[in-house]
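Right, one structure below, let's go through it.
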Amino acid sequence: MNTSTRNLAKLKKAARIILVGPPGCGKGTQSGRLLDHFRLTPISSGDLLRENVRNRTPLGIQAETVMRSGGLVQDSLMVKLIVGELSKRGWVETRGNLTSGICLTGPLSVIGGPITPRASDSPTASFLLDGFPRTKNQAQSLDSEVAMNLVVNLDVPRDVILDRIANRLVHEPSGRIYNMTWNKPKNPGVDDVTGEPLTRRPDDSPETFSKRLKSYAEVTEPLLEHYDKAGVLWTVSGSTSDEITPQLDAEILKRFG
């Protein structure tokens, strides 16, 4: 039995996870490793949005109308997309079950206070949510529908992130990322798979990226405070992905194993 199988066998209840971290922190790497190590279903808000638009669902049509007018898709609509996907999988109790088919938005209230639809506690209902929420308001909208039970704050030193960015090269068509310090291409300047040239992203200059990190911190601090008050925030620190991964794996097994 391999390591992944042993880890899968140890999960005894549902893990509903969000990874939060600044650009360049290695969130994509950690997400991929979590999916390799645990039976977590990736739920991407961006993928759900594109799928619903492509399939011309009622929510997709609403979203497309907003996007074509140059607007941003409302938080409430994104929450509906996410909860709709979870409901379809049987991982969260639908509003219909609670309201006899009446469609509601926001927290459902009865005498005694609001009700949050119940999420399945089965380990097969474990998922990793990507792309949402990014702000405190979005988190509050999501909370009214499904309670996330682990929000991971990836704490990577600023100078480490800036060094990564300074040495980053990308293959734009595929999104493959290389680093001249620790993940060099086999042949200088070209993609390992296609042999096509690698480039630097225009916003990967230290000056531009420093502004992105500052903006991220301003937006994300209230989000982290929100989840800290909710008792589900956990911070993991490290300068490399290999330092962070074992800590993250251990925490998931501690909480859900």
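Placement of Cβ uses the backbone N, Cα and C atoms for every residue, glycine included.
Keep in mind that TrEMBL annotations are predicted by a computer and have not been checked by a curator.
Here is what TrEMBL says about this protein:
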BINDING   Gly24, Cys25, Gly26, Lys27, Gly28, Thr29, Arg168, Ile177, Tyr178, Ser241  GTP binding site
REGION    44-73  region 'NMPbind'
BINDING   Ser45, Arg50, Gly71, Leu72, Val73, Gly131, Phe132, Pro133, Arg134, Gln138, Arg201, Arg212  AMP binding site
REGION    167-204  region 'LID'
DOMAIN    168-203  domain 'Adenylate kinase active site lid'
REGION    185-207  region 'Disordered'
Distance from Phe132 (AMP binding site) back to Gly28 (GTP binding site), taken between C-alpha atoms, in Å: 14
Tertiary contacts of the domain 'Adenylate kinase active site lid' (168-203) (same chain, 6+ residues out, Cβ under 8 Å): 24, 209, 212, 240
Candidates Ser45, Val73, Arg134, Arg201, namely the binding-site residues, that fall within 10 Å of Arg168 (GTP binding site) by Cα distance: Arg201
Folded-back contacts onto the region 'NMPbind' (44-73), same chain, C-beta under 8 angstroms, at least six residues removed: 80-82, 84-85, 129-132
Lowest local Cβ density (other Cβ within 10 Å) among binding-site residues: Gly24, Gly26, Gly28, Gly71: Gly71
Cα-Cα distance, maximum over Gly24, Cys25, Gly26, Lys27, Gly28, Thr29, Arg168, Ile177, Tyr178, Ser241, record's GTP binders, Å: 15
Separation of alpha carbons, Gly26 (GTP binding site) and Val73 (AMP binding site) (Å): 27
Per-state residue totals over the region 'LID' (167-204) - DSSP helix, strand, coil: 3 helix, 12 strand, 23 coil
Pairwise Cα distance for Phe132 (AMP binding site)/Gly26 (GTP binding site) [Å, integer]: 17
DSSP residue counts for the region 'NMPbind' (44-73), split into helix, strand and coil: 21 helix, 1 strand, 8 coil
Integer Cα-Cα distance in angstrom, Gly24 (GTP binding site) to Arg201 (AMP binding site): 13
